[in-house]
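So that you can see what the record holds, here are the features copied from Swiss-Prot:
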BINDING   G83, S86  Na(+) binding site
TRANSMEM  4-24  transmembrane segment
TRANSMEM  40-60  transmembrane segment
TRANSMEM  73-93  transmembrane segment
TRANSMEM  108-128  transmembrane segment
Amino acid sequence: MSDLALPAWQASLVAIGAVPGAWLRLRVVNHLEPMVPRKHWGTFAVNMVAAFALGLVLALQAKCAPESGASPLILLIGVGFFGSLSTFSTFAVEVLNTLREHRWSEALVLAVGSILGGLLAVAAGVGLANG
């Protein structure tokens with residue numbers, strides 16, 4: 001088995017967690033769409049929530065069970081749920097579309113804000129878990 005292969009039970013946990021995460025992302029983005037001027041701000045919001053929550057969960061796991069590594073809970077919630085709740089590819093497409101529409105400042109704010117905001121959100125989640 002190659003280093004990239006994942007046992008079926010682990011892949012199943014990721015898949016089971018991914019379904020509600022993707023569903024929630026779709027629901028939140030569709031709910032926010034009429035309230036915000038551009039669809040990408042819904043994606044921004046779910047990415048920030050997912051980054052915060054993933055930082056919190058990973059820090060709690062490291063604090064409570066540091067030796068467990070990629071535990072079933074991390075595979076289910078961290079990789080599956082929060083991995084599908086957040087979406088880097090949609091973020092990248094939305095930045096590109098904003099650039100194509102010649103909205104340079106908005107594209108810059110979206111790109112930099114997403115990256116820095118994501119880092120700050122993870123740090124806040126870690127801080128909450130450790131504080």
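The backbone N, Cα and C atoms fix where each Cβ goes, glycine too.
Using a 10 Å Cβ-Cβ cutoff, S86 (Na(+) binding site) registers 21 neighbours. Residues 21, 24-25, 28-33, 73-74, 77-78, 82-83, 85-88, 90-91, 94-95, 97-98, 110, 113-114, 117-119, 121-126, 128-130 of the same chain, all 6+ positions outside the transmembrane segment (40-60), place their C-beta atoms under 8 angstroms from a C-beta of that stretch. Here the transmembrane segment (73-93) has Cβ contacts under 8 Å with residues 10, 13-22, 24-25, 40, 43-44, 46-47, 49-51, 53-54, 57-58, 61, 110, 114 of the same chain, all six or more residues outside its ends. Over all protein chains present, the Cβ of G83 (Na(+) binding site) has 19 other Cβ atoms lying within 10 Å. DSSP gives G83 (Na(+) binding site) a helix state.
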